[in-house]
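If you check TrEMBL, you get these features:
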BINDING   A:His92, A:Asp94, A:Glu113, A:His130  Fe cation binding site
There are 2 protein chains.
Amino acid sequence: MTTPILIANYEELLRKAGFRITRPRKIILTILTESEDHPDAIELFRRASSIDKSISLSTVYRTMKMLEEIGVIHRHAFDGGPARFEQASDSHHDHLIDIETGDVIEFHSEKIEELQEEIARALGYDIVHHRLELYGRKRAPKKGAR
Amino acid sequence: MTTPILIANYEELLRKAGFRITRPRKIILTILTESEDHPDAIELFRRASSIDKSISLSTVYRTMKMLEEIGVIHRHAFDGGPARFEQASDSHHDHLIDIETGDVIEFHSEKIEELQEEIARALGYDIVHHRLELYGRKRAPKKGAR
DNA sequence: CTCTTTATTGCAAATAATTTGCAATTGCAT
DNA sequence: ATGCAATTGCAAATTATTTGCAATAAAGAG
């Protein structure tokens, strides 16, 4: 679904941004590229720990901040909860959050994007970024169906 | 802009929900009805304190939680910041946040709402609530304009 | 490969936002 | 007025995240 980005590419990116390629960073980047979900810091910490017990939670936080700054990841705060991260893919998308399970489904609507632009323009603004989150629950199958 | 709601109506609402009308609650509700902006808990606490020095921050938090539960207010977390509140008006709206000033502009697009429903439906979901936030900066006036 | 410099790390402590336990207080139905 | 349960203020606890600092480890120079 999301365009896979090789970890080697990330290392190149970090280098160009003037950062060092460290063991914790490699591990965290690997986890990010392999994650299909939107883990929060503690979850990333858990996954990283399973690879290298010595990685600290602070490093996870610091790394996420750095990766966000160079545009490698996006940070979300669904319903005011803890920050959850995902690798920035080439294509923008919004999120539908299953309020029962916490699952996150990605979607994109060019039409909505256009309308947003239109609205902002009418209000005299240029959109820098936006956040569209739908919170819902799985629809009960129509009776009669099956 | 927003439909004004009398504080007496709120007291009625609280009563019906089985809550007592206390001095702190009256004060907080008054502040909410008079606020045109989207204050956070500390700001509400400050405003409440200026009326009654004895009100505590915990009470502000507890009251906001209660008011949210009975649908009197809405809670926002713009860009992962602290929760900010506004009285729930009759009409739903979304927000455009000026990333330079922090100002919040309200808007509504029936078309976008419809598209959201459509998308959720296509994914097999019913929308329970949603969050649409545009973050932008005032557009530089076109050169030549004036 | 070894040395040197400086970024990065882990850890513990600090901060920020919010919640909670509890004894004292207060609203409200009698 | 009286009584009792809901509510409050305060302090301490939680949760999420950041930061200071001494120890460690990248990466360039030789």
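Positions of Cβ are set from backbone N, Cα and C atoms, glycine also.
Note that TrEMBL annotation is computational and uncurated.
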So how many other Cβ atoms are close to A:Glu113 (Fe cation binding site), meaning within 10 Å of its Cβ?
15
Given the binding-site residues A:His92, A:Glu113, A:His130, which pass a C-beta cutoff of under 8 Å against chain B? Sequence order please.
A:His130
Can you count the other CB atoms that lie within 10 A of the CB of A:His92 (Fe cation binding site)?
13
By a simple count, how many Cβ atoms lie within 10 Å of the Cβ of A:Asp94 (Fe cation binding site), its own Cβ left out?
20
Within 8 Å of the Cβ centroid of the Fe cation site residues A:His92, A:Asp94, A:Glu113, A:His130, which other residues of the same chain have their Cβ?
A:His93, A:His108, A:Ser109, A:Ile112, A:Gln116, A:Leu132
